[in-house]
């Protein structure tokens, strides 16, 4: 959710205990679990949630509105429909709030990312918050959306201002929405408005200088929930149904499955002996806290015995390697390919900021979802592998062609060795999954790279893009760019934030 919601929520959590207030539905010694859904597993909730403190229901905002439909995954959950009004009762768990529906009067846990404060901009379908211009264009150009599809986002360069992005046939036009000193907003000074609501309403009725009238708020993707359910981390194997094998690698298999008969998931099964269960548990505890829109969300684990199961969100497009080499991505053009690389850089920039190292960044470890969404998978697992064929750089399983020389030869894995691997990943993307250093063995590759050899420019690769790759392959790790830099330069590869904003009445161009 946007920052508005998070600030309000923080304030609400600091409210004094209102457990006996008339605004609170829960009463002492009353179980909050009024729902009882058949065929849905309980996840060890034998007690009501702790409601002392924090409680909502005082002078702060307690009424939120649902942004998406949600179907209960466990018996303690609350199902709701988009637009439904909910009273938030408890936010002690940041990911799963306890709420009451003002329509059904039922209570239960809800994913906090599915709701926003009532009458806030975050609750509007057309408000996209911190989405950048390039991301706005990608969303608005999804196939099938009509002209006039629009969104409002925060301005990237002017704090307090906004941008209106509108689809116009095969292009997107952007308008600056400036803030008045009196608190209102305007695109042109001849038509000021008290709020963004009034601005949207006006330009929905009449183009009044825009390329066209506003017709449809840009569709939003459902966010990933913070975990699969409240307190569901170490889950019973019996709660998983493995339906279809998606692939098999050196260390196990990946399956499409269903958890608890309610939720589609992906399940990675690790071959016995691949890694220590105890070490994995420690690492998984860190991994589950790493959350970003371009990281695959770790939902749950089964580590009571081998094989270890890793349960994650399901990505319909499979691995980026397969997607580009033999899937729907074989005909993708350069702008989409560069956008995919930018998404990976975004996820890695988050890991960089957290001081976390991937160690095995490659197209096979990037997963693809709807609308070309890319997410980094398997971050951190490489460090735990106990197979000599993998851990020794001359081993048959070691990914020499993706690994920086200082990491391959001296085991010096850093975020800068990940940057080197990202350059190889960029080459994979441009060549639609071609194996790096074609025609060279692993031994030849490491020997030649040490001498200064770098892959030559690939067919169809623009020179500026190749120059970015060369920066990532700098022999000195400290002279390689950061992922934050790579994200920015790739996101802006085709777009300059200083150009392309329009004034009302400007001729189409």
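Start at 1 and count along the chain as shown; that gives each residue its number.
Note: Cβ is positioned from N, Cα and C throughout, glycine not excepted.
Swiss-Prot lists 246, 247, 248, 249, 250, 251, 252, 253, 254, 268 with the feature ATP binding site, giving sequence analysis as the kind of evidence. Other C-beta atoms found within 10 angstroms of the C-beta of residue 246 (ATP binding site) number 19, with every protein chain shown included.
Annotated compositional bias 'Polar residues' per Swiss-Prot: 1-16, in sequence order.
Taken from Swiss-Prot, the feature domain 'SH3' covers 59-120, and the record attributes it to sequence analysis. Each residue of the domain 'SH3' (59-120) gets a DSSP state, and the totals for helix, strand and coil are 3 helix, 27 strand, 32 coil.
What Swiss-Prot lists as domain 'SH2' is 126-218.
Annotation comment: Swiss-Prot describes 240-495 as domain 'Protein kinase', evidence class sequence analysis.
Residues or ranges marked as N-myristoyl glycine in Swiss-Prot (evidence: similarity to another entry): 2.
Marked as region 'Disordered' by Swiss-Prot: 1-23.
Neighbour list (residue 254 (ATP binding site), Cβ cut-off 8 Å, at least 6 residues apart, same chain): 245, 246, 247, 248, 266, 267, 268, 269. In the shown protein chains, 12 other C-beta atoms lie within 10 A of the C-beta of residue 248 (ATP binding site).
Per DSSP, the secondary structure of the domain 'SH2' (126-218) breaks down as 18 helix, 29 strand, 46 coil. Its own atom aside, the Cβ of residue 252 (ATP binding site) has 19 Cβ atoms within 10 angstroms in the protein chains shown.
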